[in-house]
């Protein structure tokens, strides 16, 4: 306030200008006005909306502006690569038709072309478009975690199996006791002696000839 030029108002009262708003106040009033005026001017004011002011006191709701959705960037089509793939496919088809007519073996197919718009997955190394790649990622990650090959762990399993087989030793063949062997021999002898007989016929165990019941084989008379 020292540098401010005083102003004599009516009644010979000196008024001093405010450094912020430029209005003039008495010395005692300016001391109270200064801090308040600085706070008001330093505060960020919201932008004034005349639409809200006009709609106040009415039943019309305020219209919220929908944010404009950003359109995804259009990818450049790789027409040159597609044209070359098309020409290679036609040439390969002509070579196959010519080989069939001449009876020669079919030529190898052209190498597969890589679509630059497809995304390669790090787990299976296959390529998908963007939407399919997002769906496939979790499934492929789960499958690859199940099929992790650990050479050290596999070698340890094989070694433990071989050691267990060596400790078991060779399989012993089943042995037949003497009592069981004698029983089997008796059954064989009984089976050979017992022959089914027909009406009135019997089998001679010595010669194997059939005899009538009640008669025995006699020697021929001289």
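All positions are counted from 1 along the displayed chain.
Even glycines carry a Cβ here, placed using N, Cα and C.
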(request) For the region 'Disordered' entry in Swiss-Prot, name the matching range from 17-47, 48-78. (result) 48-78
(request) Could you list the residues of the same chain, at least six apart in sequence, whose Cβ is under 8 A from the Cβ of residue 33 (Zn(2+) binding site)? (result) 18, 25
(request) Output, ordered by sequence, the same-chain residues six or more apart from residue 37 (Zn(2+) binding site) with a CB under 8 Å from its CB, or 'none'. (result) 18, 20, 21
(message) For the Zn(2+) site (18, 21, 33, 37), what does the 8 A shell look like? I mean other same-chain residues with CB within 8 A of the CB centroid.
(response) 19, 20, 22, 23, 25, 30, 34, 36, 38
